[in-house]
Amino acid sequence: MAVSWLRRLAARAPVPVFPALGVHGDAMLRELALDPGVELVGSPRHASVLLVAGGVPPDQHAALRRVHDQVPRPFATLWWRSEPLDGLENATRIDAPSALSDALIAAHRDVMLGRRGSSPRLLPDEPPNPWEGLGDDGHGGEGMMGGVPYGRPMAMNMHDDLRDGLTLDSLTFRLGPFFPALPPGMQAEVTLQGDLVQTWAVQHAPYPLGLDAVFFDARQQPVSIAELELARARYHLYRLFHGLWLAGLESVGLHVLRLARSLTPDSRVDGLRRRLARCGFFDLTMTASAALDDEQARQIGGPAARAAGLADDLRSEDANYRRLGFTPVCQQEGNTRARWWQALAEIDQSLALARQAAARDVQTSEVGSVETPRGPWREGQRPQDASHLLDELLPGLEWGEALAAIASLDLAAVSEWPLDASVAEPRTTPPEEYRA
Amino acid sequence: MIWEQLVLPTLTVLLALGIGAYAVAVLDRLIAGALGLSRAGSAWLAPLARGAWLLTQSANVTEAPDWQAWRLAPLLYLMLAAVGLALVPWSASLVATDLATSVVLWGSVEALATVVIFLHGWSANAPLALIGAYRYVALGLSYILISMFVLIGVALPAESLQFTQVVASQAELWNVIRQPLGLPLFLIVGLGVSFWGPLNLADSTDLAGGTASEVSGPPRLAWNLARAAMLVAFSGVAATVFLGGWLGPWLPGPLWLVLKMFAVLLALLLAGRLLPRLSPERCVTLMWVVLLPLSFVDLVWAGLEALL
């Protein structure tokens with residue numbers, strides 16, 4: 001096939017990659033975000049390569065097929081620690097993280113230069129339900145509003161608007177499990193009027209979170225407090241990166257990622273906090289919405305609860321933490337803004353604790369239970385999924401407020417498997433979660 | 001006759017559109033690189049490679065879109081940018097269309113932009129695109145009023161609605177100094193009309209690209225090109241009405257205008273990279289409660305200054 005100059009030129013563009021995240025796939029995403037040869041995009045329509053990172057549970061294969069078919073041709077797929085879907089047996093599977101970036105660039109180049117064909121369509125190109133052609137307007141039912149064309153309800157006013165009584169057509173649709181602004185794996189059915197959320201029903205909880213192995217070790221044996229606190233700070237920095245990306249502050253987000261990557265006890269976040277306050281991250285991008293009441297805060301636990309004024313922290317029960325002068329930091333309002341202030345305050349506190357602990361080489365004194373960055377992990381009781389709380393928290397919020405609230409909340413359960421110590425080492429015996 | 005009235009104006013506009021949009025892409029990438037968001041490859045080649053990729057990608061189909069509106073919206077937006085550029089005087093004599101009512105026509109370009117952007121989101125027949133469209137209408141209604149008051153302010157000292165007269169009225173003192181509130185307010189209008197950076201409520205990350213979330217291939221290229229072109233057109237108008245247009249010593253007039261347009265573009269692109277996207281509610285409150293009264297003050301200031 002003759003390769004035109006246009007395709008040769010196109011092959012030199014940074015690779016637009018749509019990441020469909022499976023279980024523990026977000027660790028890879030953070031590596032790719034810093035890769036200059038890769039551009040992560042938010043819609044499959046804007047991608048040249050579909051990257052499926054991490055195992056996808058079988059009940060979400062249908063959704064993955066739909067995402068796959070939404071990528072415009074020609075495109076390639078790449079599977080990172082994930083089994084390709086039926087029908088894509090020839091797709092590339094990569095397990096070594098160090099090879100991923102090059103493989104993405106090569107996949108884009110090969111597709112552009114015609115060295116490999118586009119990934120095939122998996123689904124027939126037809127509506128999920130037939131157009132029934134019944135009724136006065138061919139909408140599939142009796143009367144004006146009776147039908148469900150293509151299997152979906154017509155947009156009509158079933159209930160009044162929640163905010164100001166200005167009733168608009170209701171729009172109901174499903175979001176997820178691969179929508180990048182939601183936690184990986186989460187799927188919800190949303191009803192909107194305009195951009196105001198009327199109802200929000202979580203249909204599939206987000207995938208369990210992979211925590212750093214040090215939090216698992218801390219339940220078995222005393223571990224270095226410095227190491228534990230650095231892992232905690234890193235975890236919150238990763239969350240902040242997502243929040244900043246969502247708010248359109250990509251360059252500050254990458255700064256945060258770089259900080260997380262090179263984090264030492266001597267790192268400081270004062271400059272970052274000032275920069276965020278100055279550019280209006282706390283005041284202009286979010287409103288004082290999505291406040292948790294005490295009961296909701298208790299159900300979520302961890303930083304979200306402390307942002308709502310509950311001073312619960314298992315570290316207070318550890319004698320060595322008390323010797324370092326630990327007391328929980330708290331905010332009062334419990335809303336989106338308070339949760340980001342809390343995240344920054346906890347990063348600051350963790351770094352301060354790590355500094356002191358590293359100087360005196362202090363270890364934890366309690367085993368059995370540990371305060372993870374997601375919340376308390378008491379004897380045998382991991383932090384559980386709390387995503388159902390969104391159903392009561394989000395109605396009445398504007399779309400942007402709702403998504404900012406979700407980004408500020410950490411609702412997924414904690415996985416029973418730790419995240420690989422570094423994604424640089426391929427796992428030889430994958431745990432159950434990795435197998436799709 | 002044909003050369004002066006048809007070929008030259010068309011050429012000027014097309015050249016400014018093409019070169020300007022390319023310059024926006026390069027400049028934005030250089031700024032991003034300076035802020036730590038580096039991408040592989042040369043900044044000069046990247047926009048061309050990106051364009052070539054979009055040309056090879058197939059144009060996406062959604063279920064039952066409004067085809068005509070969906071395909072037409074990017075072109076209409078590009079045309080609005082071209083209309084804006086046609087009004088910009090490059091020198092006292094080199095101007096594509098020297099209308100006596102050019103200020104009014106630019107105002108209508110801003111108003112029609114709202115319609116076209118809504119059309120782009122609505123016609124895709126997809127939820128996220130539609131939300132982007134709804135949001136933009138709220139923003140559009142808010143910034144157009146500010147723009148009107150600011151533009152009336154610059155027409156007062158010129159005693160004319162013609163851009164060439166507005167430039168001539170700045171021979172002694174540029175409007176940026178004469179009406180200090182004007183340019184900052186107008187720059188916010190520029191971010192609004194091209195929904196760039198902090199005012200990108202239409203095509204934002206929380207909507208996976210908003211009105212463009214379902215668009216791929218050549219239509220997406222047209223849409224991106226049109227957005228960049230609208231920034232260029234706006235910077236041309238801003239340089240004309242506030243920075244003295246072609247006026248300046250030593251250098252030829254058109255070159256002065258290009259330099260001033262670059263300064264405006266730089267300010268807009270920097271704002272786009274440094275500021276977060278405003279939440280729609282904050283944005284609308286800011287526009288109506290703070291910026292609109294400020295534009296009244298600007299107009300009163302301009303009126304008093306014209307009387308004295």
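Including glycine, each Cβ sits where the backbone N, Cα and C put it.
What TrEMBL records for this protein:
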TRANSMEM  B:6-27  transmembrane segment
TRANSMEM  B:75-97  transmembrane segment
TRANSMEM  B:103-122  transmembrane segment
TRANSMEM  B:134-156  transmembrane segment
TRANSMEM  B:176-197  transmembrane segment
TRANSMEM  B:228-247  transmembrane segment
TRANSMEM  B:253-271  transmembrane segment
TRANSMEM  B:283-304  transmembrane segment
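Between the transmembrane segment (B:103-122) and the listed ranges B:228-247, B:253-271, B:283-304, the one holding the most Cβ pairs under 8 Å is B:228-247. When each of B:6-27, B:134-156, B:176-197, B:253-271, B:283-304 is scored by its Cβ pairs under 8 Å to the transmembrane segment (B:228-247), the top-ranked stretch turns out to be B:253-271.
The transmembrane segment (B:134-156) makes contact with the transmembrane segment (B:283-304), as judged by at least three Cβ pairs under 8 Å among residues 6 or more apart in sequence. Only pairs six or more apart in sequence are counted, and the transmembrane segment (B:6-27) with the transmembrane segment (B:253-271) gives three or more Cβ pairs under 8 Å, enough to call it a contact.
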